[in-house]
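Trainee: Just passing along the structure, written as structure tokens.
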Amino acid sequence: MGRRWGFLIGFLVAVGLLGLGHGEQQPSETAAQRCFCQVSGYLDDCTCDVETIDKFNNYRLFPRLQKLLESDYFRYYKVNLKRPCPFWNDINQCGRRDCAVKPCHSDEVPDGIKSASYKYSEEANNLIEECEQAERLGAVDESLSEETQKAVLQWTKHDDSSDNFCEVDDIQSPDAEYVDLLLNPERYTGYKGPDAWKIWNVIYEENCFKPQTIKRPLNPLASGQENTFYSWLEGLCVEKRAFYRLISGLHASINVHLSARYLLQDTWLEKKWGHNITEFQQRFDGILTEGEGPRRLKNLYFLYLIELRALSKVVPFFERPDFQLFTGNKDQDAENKMLLLEILHEIKSFPLHFDENSFFAGNKKEANKLKEDFRLHFRNISRIMDCVGCLKCRLWGKLQTQGLGTALKILFSEKLIANMPESGPSYEFHLTRQEIVSLFNAFGRISTSVKELENFRNLLQNIH
């Protein structure tokens, strides 16, 4: 009898100990784990992992890239923020002071930047200026030299090229103004609600190859169709799937910036900007976003790889001896070109670059049709940026879509880049100053996002 009682008591104690192991004393998941536990390892459609990107970006690339973007050549961006929205008229302009953009006075912009797109030797620049002037007149003047007439036709051919992924601003327009990007940083402005939602909804619903019957997760009309959405997405060809992931990654990157530079305090004495942990969790916490947050962050890394790959492929364009980051300050321009080439060679050394050769492969006719659809969809998104009601958001939206569009143009111009002349202007493949500034600043934004994810990881580590 006693032995049976002893066995029963021992059994109950053992059950009690097991219960303690699974009860309230079990450490709960941290906020960092809920946001980042799935953001690790290999990325879909890639041979690269998140950890390799973090290490490469945060410790080898980010500091030098920020230094380059603070230079005069890259901080001044010409943009037309007065272009009308081509899709709807009922735009509610954000009246908050943080939505405003302060343009530059004429004397604040270096003369070399204002004068023309000086990028080559003096002789080559004279030819370019003559071409650009003739093109603005709308005809090839027969009094021009034969060489210049030929160059004008080639220049026009370039501007009408089907390789351009964005509808860019006419920087000759009187409405186009220079903006100092360092004095108008991308950060939280308070622009939100139905107007901001409408922009992203039109982008996703009408420009990401998605049928109306498929609803995105967290869409109020989705009603539990999350699995349907991802089944549809995985069934797409790699190009269309990549398109969605690029847009999602851009969206995620912008949300990281808004959370990292949030208005924490606003008094008559000062404004305090910093990391808003709650805002970040609402956008990326795995539980609060029903699993969407970590997916968005992985798409951000995918976008990083695409832009990184484009920069690695365009190195020959910048290596040519005639190319200059011209501002008029000879010594500074030479130093900046050296820094630019250091960064590009560092990028080229990255061991796990994205392989874009799987894009637009197969049947040539079908591939060309798909590439054109891809280009037109992205071009449409660049036009939607003119519908953003917050001017600062519009500025950074236009810059980042133009930067990504330039990256795509580079990726699909491999043969043109390979056939560039070693000196002088390149007519078959050409980047304007606007494209160069937007390309590097857009990548700078993605690079900053990756760096900020490390900061948020640390901030959320001890929060449950």
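Just so you know, glycine gets a Cβ as well, placed from its N, Cα and C.
So TrEMBL lists the following for this protein:
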- 1-23: signal peptide (SIGNAL)
- Cys94-Cys99: disulfide bond (DISULFID)
- Arg187, Thr189, Trp200, Ser248, His251, Arg283: FAD binding site (BINDING)
- Cys390-Cys393: disulfide bond (DISULFID)
- Cys390: active site, nucleophile (ACT_SITE)
- Cys393: active site (ACT_SITE)
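Please go over these features one by one and say how buried each is and what sits next to it.
Mentor: Using a 10 Å Cβ-Cβ cutoff, Cys94 (disulfide bond) registers 22 neighbours.
Taking the Cβ of Trp200 (FAD binding site) as centre and 10 Å as the limit, one finds 14 other Cβ atoms among all the protein chains shown.
In sequence order, Cys94, Arg96, Cys99, Thr189, Tyr191, Ala196 make up the list of same-chain residues 6 or more apart from Cys390 (disulfide bond) whose Cβ falls under 8 Å from its Cβ.
Long-range Cβ proximity for Cys393 (disulfide bond), meaning a same-chain Cβ under 8 A and a gap of 6 or more residues, is found for Cys94, Cys99, Thr189, Tyr191, Ala196.
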Trainee: So if I measure Cβ to Cβ from Arg283 (FAD binding site) and keep only same-chain residues at least 6 apart in sequence, which ones fall under 8 Å?
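Mentor: Residues satisfying the criterion: Ala252, Asn255, Ser259, Thr289, Gly293, Arg296.
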Trainee: Mind checking which of Arg187, Thr189, Ser248 has the fewest other CB atoms within 10 A of its CB? They're the binding-site residues.
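Mentor: Relative to the other binding-site residues in Arg187, Thr189, Ser248, Arg187 has the fewest Cβ atoms within 10 Å.
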Trainee: Far apart in sequence but close in space: which same-chain residues, 6 or more away, have a Cβ under 8 Å from His251 (FAD binding site)?
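Mentor: Looking at Cβ-Cβ distances below 8 Å from His251 (FAD binding site), excluding near sequence neighbours, one finds Trp200, Arg296.
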Trainee: I'd like the number of other C-beta atoms within 10 A of the C-beta of Cys99 (disulfide bond), please.
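Mentor: Within a 10 Å radius of the Cβ of Cys99 (disulfide bond) lie 18 other Cβ atoms.
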